[in-house]
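Please read the structure below before turning to the comments.
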Amino acid sequence: MAEPVYHLDPRWTNPYDEVSETSPLLLARKGKAENIFHEELVSLVRAGLPILGTHLLEYSLITASVVTTGHLSTTALAAVALGSMSAGMTGLSIIQGLSSALDTVLPSAWTSEDPTMVGVWTHRMTVVLGICLFPICAIWFQSEAILLSLGQDPEVARLAAIYLHWFALGLPAFALNCVVKRYFQCQGLFSVPTQITMIVAPMNALLNWLLVLGPAPVRLGYIGAPIATAVSFNMVSLLSLLYAVLYLPEWNRLNQKTAWHPICKRSFQKLGTLFYLGAAGVAQVATEWWAWELMALGASQISAVALAAQSILIVAASTTFQAPFALAMAASVRIGHLLGEGVANRAKVAAHASFTLGLAIAGLSCVVFLLFRRSLGHLFTDDLPVLGLVAALMPLVALLQFFDAMWWDHWRHSAGSGQTSMSYIERLTAVRSWHTLLTGQKSGYYIIGLPIGFFLAFYPETKLGLYGLWIGLITALASAGLSGMWLCLRTDWDKEVVKVRERAAEEKRLIEMMLADNASDLEEEC
């Protein structure tokens, strides 16, 4: 392949571009618009595939229990769905949200003059999450009474509580994994969590089958599902710690840089800072997580069959969701880099390429759901009423793919230009408000989707049941996706370059202030 041609002609030769105040002096490669578009497509696919593989493997750690228990009975499948919903709403979303505060502090700590601050912040977050485990476990061990008070079927509530009791064995490991993953990633070791998950995911699938459906000597039945998941979480923690002990010191020696800091009294101070920063993460993660779980709660009020069908549909939709999400992650990085370099019109091409690819993925998912709508359910259960309901609702799941793709197209544009609600500035300056939470997709969920869904599902004159809940969800994503697309079409990419530079400068200033404060603290004797 010929080398790209660069020149110093002050005119912008990219066919998408015109000269502006943000046009770079060193011009991009020559080429037709079609070639540039194709290059961006290839770049997005190459960057997105590893992300997709990682997220599918991580998601399989939780969904394997749904696949295996569904072959026990409809009640068991409904109980696992209710238990997973309860775990997500009251525990996993809180831990994920709090630990996302490390995404703010660890990268800047690693590049600071004292990279051992990474270790200090890691200790602090471990303590914060350890404190949070106590109220979470207290709720889980009282879950049967709570679920019964919410009007759940007694047998489903009993089995869901049993699920949570055994699942709690993996909760500390889940929290530790959230911390260690970010500890590795801030040092540039992105492949380590992926490699560990590649080892554990097949073991998790095998363990689920053995403990739930396997030979009599090892088969535990229903409780085998949460036990297998808990064991898998602990395996991830064990392998992560082994890597940190056996291989990370050598890597640090070669790079002449270490993130580790011995545990000291500083490890138990400034915990409020992490609670403060993590609150934004909890609001971001939990509000979206809860919206989906509230649908499961609504399905549980209909019948055990509806709840079982809902769990299958959610797994199907969440599995295909991983593809546009991976594309969104790859595209946001690509667009962000191009805007940071001042190549506004190339960023526009990348945005168009990501939109095209997103719709293509949505179309493929839609075709799969429509063609196999009567057979996909057999992967989870053999219960005919559940299979019939899944097949009837699968076209709605297929339609959902397009609106989901539109929303994620808007998200990757916003993330690439630094407009995501998880930004450091918003966390540090506390400008995040309920108005912020009720914009975009979340307004679609809480203001449009859930009210419409519950009205259609339970209002006596409509009483559409599970159909109503899914119509509400589609309405929510349609409003978010279409409004997001409208905002994307109005994007002025030259102005986005200026905004990105302004945000970067402000964020750098605030990060330096925080790190300077912590550096002075570390001068004290541990």
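Note that Cβ sites are derived from N, Cα and C of the backbone, with glycine treated the same way.
Sequence-distant contacts of the transmembrane segment (127-148) (same chain, at least 6 residues past either end, Cβ-Cβ under 8 Å): 82-83, 86-87, 90-91, 94-95, 98-99, 154, 156-158, 160-161, 164-165, 167-168, 171-172, 175-176, 178-179, 267-268, 271, 274-275, 278. Taken from TrEMBL, the feature transmembrane segment applies to 127-148 (among others).
Below 8 angstroms of C-beta separation, residues 79-80, 82-84, 86-87, 91-92, 95-96, 99, 102, 122, 125-126, 129-130, 132-133, 136-137, 140-141, 143-144, 147, 152, 193, 222-223, 225-227, 229-234, 236-237, 240-241, 244 of the same chain, each at least six residues beyond the ends of the transmembrane segment (160-180), sit close to that stretch. The transmembrane segment annotation in TrEMBL covers 160-180 (among others).
Annotation comment: TrEMBL describes 192-211 (among others) as transmembrane segment. Counting only same-chain residues 6+ beyond the ends of the transmembrane segment (192-211), those with a CB under 8 A from a CB of the stretch are 50, 53-54, 57-58, 60-61, 64-65, 67-68, 180-181, 184-185, 218-220, 224-225, 227-229, 231-232, 235-236, 239-240, 243.
Annotation source TrEMBL lists transmembrane segment at 223-248 (among others). Beyond its flanks by at least six residues, the transmembrane segment (223-248) meets 61-62, 64-65, 68-69, 80, 83, 162-171, 173-174, 176-177, 180-181, 183-184, 189, 192-193, 196-197, 199-201, 203-204, 207-208, 210-212, 260 of its own chain at Cβ-Cβ distances under 8 Å.
If you look up TrEMBL, you'll see 274-292 (among others) marked as transmembrane segment.
Among the features that TrEMBL reports, transmembrane segment is placed at 304-328 (among others).
Positions annotated as transmembrane segment by TrEMBL: 349-372 (among others).
The transmembrane segment annotation in TrEMBL covers 384-403 (among others).
What TrEMBL records for 443-460 (among others) is transmembrane segment. Cβ atoms under 8 Å from those of the transmembrane segment (443-460) belong to residues 287-288, 291, 294-295, 298, 301-302, 466-473, 475-480 of the same chain, restricted to positions at least 6 beyond its ends.
Look at TrEMBL and you will find 466-489 (among others) tagged as transmembrane segment. Packing against the transmembrane segment (466-489) from elsewhere in the chain are residues 291, 295, 298-299, 302, 306, 309-310, 313, 351, 355, 389, 392-393, 396-397, 399-400, 402-407, 409-411, 413, 440-441, 443-445, 448-458: each is 6 or more residues past its ends and has a CB under 8 Å from a CB in it.
Listed by sequence, the residues of this chain that lie at least six past the ends of the transmembrane segment (384-403) yet keep a Cβ under 8 A from its Cβ atoms are 74, 77, 305-306, 308-309, 312-313, 316-317, 320, 359, 361-363, 365-367, 369-370, 373-374, 376-378, 466-467, 470-471, 473-474, 477-478, 480-482.
Panel annotation: around the transmembrane segment (304-328), residues 44, 48-49, 51-52, 55-56, 59, 63, 66-67, 70, 74-75, 77-78, 80-82, 84, 153, 156, 292, 295-296, 354, 357-358, 361-362, 365, 368-369, 376-377, 380-381, 383, 385-386, 389-390, 393-394, 397, 400-401, 404-405, 408-409, 411-412, 415, 465-466, 469-470 of the same chain, lying at least six beyond its termini, place a Cβ under 8 Å from a Cβ of the stretch.
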